[in-house]
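Single-structure report; data block below.
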Amino acid sequence: MINVAVNGYGTIGKRVADAIIKQPDMKLVGVAKTSPNYEAFIAHRRGIRIYVPQQSIKKFEESGIPVAGTVEDLIKTSDIVVDTTPNGVGAQYKPIYLQLQRNAIFQGGEKAEVADISFSALCNYNEALGKKYIRVVSCNTTALLRTICTVNKVSKVEKVRATIVRRAADQKEVKKGPINSLVPDPATVPSHHAKDVNSVIRNLDIATMAVIAPTTLMHMHFINITLKDKVEKKDILSVLENTPRIVLISSKYDAEATAELVEVARDLKRDRNDIPEVMIFSDSIYVKDDEVMLMYAVHQESIVVPENIDAIRASMKLMSAEDSMRITNESLGILKGYLI
């Protein structure tokens with residue numbers, strides 16, 4: 001049983017913590033939180049041990065939330081830390097992980113240099129085996145890599161061109177925007193997503209463009225892939241349909257808008273209405289000779305959660321990629337095939 005700490009209990013951290021609890025080979029030893037907000041109160045009510053920075057102890061105790069210790073105490077009780085702190089904060093914690101000789105999993109908001117390897121379970125699990133510091137790439141990059149590495153099973157991917165429509169903020173981020181604008185992110189090519197993909201697939205010819213849209217629900221990707229060989233649509237459909245962590249959305253569902261997909265998640269009784277699978281619109285798949293085009297939705301709050309679980313096992317050399325992904329998928333109810 002691996003003792004896992006989660007440093008940072010926000011959008012990603014609380015989901016990763018819940019996923020750890022569901023794993024047969026992991027124990028959540030506690031979470032680190034900086035402010036006694038509603039997330040901390042709910043974690044306490046659920047019996048999760050809460051650790052805080054030294055300077056925050058009094059604030060938590062005055063709020064009525066018992067403190068199990070400092071963040072350093074939490075790190076010491078663990079075998080490995082999943083760092084889900086805000087962008088850039090993980091790099092500030094790395095010297096502590098080094099000093100205490102603890103493995104750590106970082107998130108895509110950190111620069112690639114913070115870790116020994118950038119990680120996508122479907123693409124490079126084996127390369128990450130035994131790496132002390134692993135960076136799980138961002139939500140958008142995770143979706144790109146899942147799709148690219150899956151299509152690559154049919155024929156070698158030679159070139160990728162993708163346009164990303166990014167959500168402006170997560171649903172709880174009330175101080176972010178835009179509210180009534182489309183914002184290039186940035187107005188240059190490529191966006192940072194291409195470089196992030198290349199941190200995993202080093203020599204891939206990829207260019208990306210991105211725009212921020214006034215929505216909170218999901219991202220959307222529009223992707224054009226050039227393959228080494230001529231392929232048929234049925235082969236692309238087959239590999240997408242048979243790869244876990246990818247689901248197909250058929251037009252017969254009459255649910256193609258991202259808001260409708262959230263409603264589907266509600267009706268399916270998904271935890272927090274999460275859909276960690278890449279949601280590919282099956283009717284968007286276009287294949288001609290060596291060219292593949294498709295569009296898909298990305299639930300930014302949950303897509304990286306299974307990757308974090310697999311990254312833990314890879315870092316600790318617990319099992320093979322196939323076994324880890326199977327256990328993760330089964331424990332979290334992650335699907336393949338059609339969503340409904």
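Note that Cβ sites are derived from N, Cα and C of the backbone, with glycine treated the same way.
The model shown is predicted, which means the values in this text are computed figures rather than measured ones.
Per Swiss-Prot, the cysteine from Cys139, Cys149 that shares a disulfide bond with Cys123 is Cys149. Binding of NAD(+) is attributed by Swiss-Prot to Thr11, Ile12, Arg167, Gln300, and within the candidate set Gly88, Gly109 the record adds Gly109 to that site. Summary of the NAD(+) site environment: with the site residues Thr11, Ile12, Gly109, Arg167, Gln300 set aside, the chain residues having Cβ atoms within 8 Å of the Cβ mean position are Cys139, Asp170, Glu301, Val304.
For Gln300 (NAD(+) binding site), the same-chain residues lying six or more positions away in sequence with a CB closer than 8 A to its CB are Cys139, Asn140, Arg167, Asp170, Met218, His219. When each of the disulfide-bonded residues Cys123, Cys149 is scored by how many other Cβ atoms sit within 10 Å of its Cβ, Cys149 comes out lowest. In sequence order, Gly108, Val137, Thr141, Thr142, Ala143, Leu144, Ile164, Ser191, His192, Asp196, Val197, Thr208, Ala210 are the same-chain residues whose CB sits within 8 A of the CB centroid of Ser138, Cys139, Asn140, His193, Ala194, the residues recorded for D-glyceraldehyde 3-phosphate being left out. The full span of the recorded D-glyceraldehyde 3-phosphate binding residues, Ser138, Cys139, Asn140, His193, Ala194, taken as their largest Cα to Cα distance, is 13 Å.
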